[in-house]
Every structure is written in C-alpha cells, then in structure tokens.
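Input: a single structure, listed below in structure tokens.
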Amino acid sequence: MKILVDENMPYARDLFSRLGEVTAVPGRPIPVAQLADADALMVRSVTKVNESLLAGKPIKFVGTATAGTDHVDEAWLKQAGIGFSAAPGCNAIAVVEYVFSSLLMLAERDGFSLHERTVGIVGVGNVGRRLQARLEALGITTLLCDPPRADRGDEGDFRSLNELAQHADILTFHTPLFKDGPYKTLHLADEKLIRSLKPGAILINACRGAVVDNTALLTCLNEGQKLSVVLDVWEGEPELNVELLKKVDIGTPHIAGYTLEGKARGTTQVFEAYSKFIGHEQHVALDTLLPAPEFGRITLHGPLDQPTLKRLVHLVYDVRRDDAPLRKVAGIPGEFDKLRKNYLERREWSSLYVICDDASAASLLCKLGFNAVHHPAR
C-alpha cells in the first residue's frame with residue numbers, strides 16, 4: 001500500500017508508515033507522476049484536489065490535514081467512490097491565539113484596553129466559539145454573526161453582519177469560503193461593508209483570503225479610511241497584493257493555524273480516519289508526539305492585567321515575528337510558500353506552565369488555555 005503525504009505534515013511519515021509505504025511530496029505543485037501507483041493521498045490546503053488531479057488514478061482515499069475544505073472537490077470524490085476526511089477544528093486554538101497576539105499588540109501600540117472594545121465574530125464554528133469563550137472569560141463583549149447557524153436554530157444571540165459592522169470595534173472573520181449559494185461568503189466584506197465600519201475599527205481576516213475583497217479594502221485604505229487591518233490570508237495566494245500589504249498593520253503568510261499542536265492534530269485526525277477506512281483503526285495520543293516546549297515553567301506574581309497577559313501571550317507567540325519576514329520578500333515568486341514551508345516552530349499557550357500566587361490569576365489563565373496552577377506565596 002503506497003501513501004503519499006505532504007512533506008510539510010509533521011509526524012506524517014512516522015504515523016502513516018504504520019499502515020504502508022510512505023512517500024513525502026511537495027504540496028504545490030504536487031508531482032502528478034507519483035499518483036500513478038498510490039492508494040492514498042494526504043494533503044494540506046495548498047493542494048487542489050479535483051477530477052483533473054485524480055481522474056484515472058488508483059487513489060482510494062484523500063485526507064486533508066486542515067479544517068477548511070474549499071481546496072477539495074468533495075462532490076467529485078464522492079461520485080468517484082473515493083474516501084475522504086478532513087480535520088475539523090485541528091487548528092482552531094492556534095487561530096484564536098493568533099487573533100489574541102494581534103489584538104494585544106495593537107492595544108499596546110495604540111493605548112487602549114480590550115475591555116473597552118466590542119468584538120464582532122463572523123462565523124461561530126470551531127474557531128469562533130473558542131474565540132468567544134476566551135474573550136468573554138476576560139469580560140470582553142462579543143457580538144455573533146452566523147446566518148447558517150441562526151437559520152438552524154442553534155444556540156446563540158446571532159446578529160446581522162450589518163449590525164456587527166455598526167456596533168463592533170473589532171470585526172474578525174472565521175468563515176468557510178462559499179463562492180455561491182444562500183450563505184455565500186465570497187467578498188462578504190465588500191466595499192460597502194468596509195466603508196460602514198466604525199472609525200478606528202480593527203478588521204481581521206484569518207479564514208480565507210477571498211472572504212474580504214482585497215481590492216475594495218485597498219481602495220478604502222488608500223482613501224484614508226481610519227481602519228486597522230490584520231490579514232493572514234490573501235486573495236490569489238500564493239500571490240498577494242503587495243500594495244495592500246504595505247497598508248495593513250499586520251500581514252502574515254497564511255500561518256494563523258500553524259502551531260505545532262495544530263499541525264499535529266491535523267495529521268493525527270486524518271491518520272485515524274484512514275486507519276479506520278482500511279479496517280486497521282488506530283488512535284494516537286497527541287502528547288506522545290510533541291516535544292518539550294522551549295519554556296518549561298514560569299512564575300507569575302499578583303493578578304492578571306492586560307499588560308501581563310500581553311507579555312505571557314507574546315512569550316509564547318508574538319505575531320510580529322511573522323509580519324516582518326513577509327514584508328521583506330513580498331512579491332518575489334515562491335517566497336510566500338517558502339515562508340510557510342520553513343515555518344519556525346510555534347507552540348500553543350497550553351505548552352506554558354504558569355505558577356501563580358494569585359488564585360484568580362490561575363483560574364483565569366486556565367480558562368484562557370494556559371497550563372496554570374495556584375501556589376500561594378509563603
């Protein structure tokens with residue numbers, strides 16, 4: 001049994017070798033000749049999986065180690081009788097922590113308290129729900145927009161997108177990309193919506209590039225609209241609008257979900273799905289794969305305020321480390337993908353063990369996802 005895996009899927013070679021012969025290949029462009037005798041294909045979001053790639057090939061199963069699936073033609077796979085699995089929620093924690101790293105950087109730079117801001121969350125799935133929970137743990141007001149969930153009657157006080165634009169100081173997008181249909185998200189943030197945002201608002205896109213109309217956004221910024229922008233995703237990736245990058249406050253190369261934990265979850269989820277598909281079901285404990293974190297433990301004295309939280313968050317991950325490299329190479333062919341391929345290891349907050357002498361600080365840090373314990377000072 002031959003299994004092709006994306007060369008940038010951590011732990012893929014070790015895990016899938018339990019099931020068959022493993023060959024690691026680039027995801028973009030994928031070497032088509034390798035598909036001629038392969039039984040399974042494991043990809044990331046950079047690989048377009050459709051009829052033109054797989055027609056006439058012996059592939060029986062496709063797995064994508066990503067939460068999003070807009071790069072996969074699921075309908076064609078089903079029609080062709082090819083098994084499929086994604087990894088929903090695998091990188092949700094990573095994306096939430098990316099948003100926090102960005103907001104805390106902007107708050108320090110511009111001198112505001114997050115408690116004074118209302119956050120509008122567009123898309124309340126795996127990422128949106130976790131973001132809502134962590135913001136509300138800090139006492140920050142959230143507004144939710146998710147028409148599909150509202151129409152299904154899911155629990156939540158859902159508002160319209162226009163209402164969020166009018167009332168939110170921060171608008172952050174966490175939706176799939178739907179190019180048509182009743183819940184179309186292509187250019188969900190169009191010129192009209194962008195112009196309707198509150199003066200000084202913060203716009204964040206960490207889902208799919210085309211959810212925000214990049215041309216319209218650049219037009220608004222060029223005309224002097226007071227708006228802070230955080231973009232991790234871009235229309236036309238791996239190409240991007242260099243002029244737009246110059247205008248945004250934080251720009252990164254589609255790495256919001258790129259924690260080691262998030263990548264490992266993606267790999268293990270599709271590994272478990274494929275092992276079940278072939279009748280040799282196996283399960284993997286994530287902590288058996290992950291290395292020891294760079295920072296083992298630290299001690300925190302006193303209560304948790306915003307500056308202290310910012311220092312803790314940026315100790316684990318400071319978004320500026322990914323902004324600067326993109327600006328240096330933007331517009332150079334191949335460099336966007338190279339930044340992603342050679343991405344510096346990044347961990348999640350749970351990797352940091354925090355010893356607190358303040359019980360409320362320990363409790364709050366645990367709610368936020370840190371590994372915190374209370375030890376009273378002696």
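Note that Cβ sites are derived from N, Cα and C of the backbone, with glycine treated the same way.
For Y258 (substrate binding site), the same-chain residues 6+ apart in sequence whose C-beta sits under 8 angstroms from its C-beta are N91, A94, R340, Y343, R346. Among the features that Swiss-Prot reports, substrate binding site is placed at S45, T66, Y258, with the record citing sequence analysis.
In the three-state DSSP assignment, the secondary structure recorded for D232 (NAD(+) binding site) is coil. Sequence-distant neighbours of D232 (NAD(+) binding site): residues of the same chain at least 6 apart with a C-beta under 8 Å from its C-beta are Y98, N205, A206, G251, T252, P253, H254, I255, A256. Residues or ranges marked as NAD(+) binding site in Swiss-Prot (evidence: sequence analysis): D146, T175, D232, G257.
The annotation active site is assigned in Swiss-Prot to R208 (among others). Counting only same-chain residues at least 6 apart in sequence, those with a Cβ under 8 Å from the Cβ of R208 (active site) are G68, D70, T175, P176, L177, T185, V233. The DSSP secondary structure for R208 (active site) is coil.
Look at E237 (active site): DSSP puts it in coil. Non-local neighbourhood of E237 (active site): G209, H254, F336, each in the same chain, at least six residues away, with C-beta under 8 Å from its C-beta. Taken from Swiss-Prot, the feature active site covers E237 (among others), and the record attributes it to sequence analysis.
A coil conformation is recorded for H254 (active site, proton donor) in the three-state DSSP classification, outside any helix or strand. For H254, the entry in Swiss-Prot reads active site, proton donor, with the evidence type sequence analysis.
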Let me make sure I understand the span of the substrate site: among S45, T66, Y258, what is the greatest distance between any two Cα atoms, in Å? 12
Return only the integer: C-alpha distance in Å from D146 (NAD(+) binding site) to T66 (substrate binding site). 21
Report, as a single number, how many Cβ atoms besides its own are within 10 Å of the Cβ of T66 (substrate binding site). 25
Cβ within 8 Å of the substrate site centroid (S45, T66, Y258 excluded): which residues? R44, V46, A65, A67, G68, N91, H254, G257, K263, G266
Could you state the CA-to-CA distance between S45 (substrate binding site) and G257 (NAD(+) binding site) to the nearest Å? 12
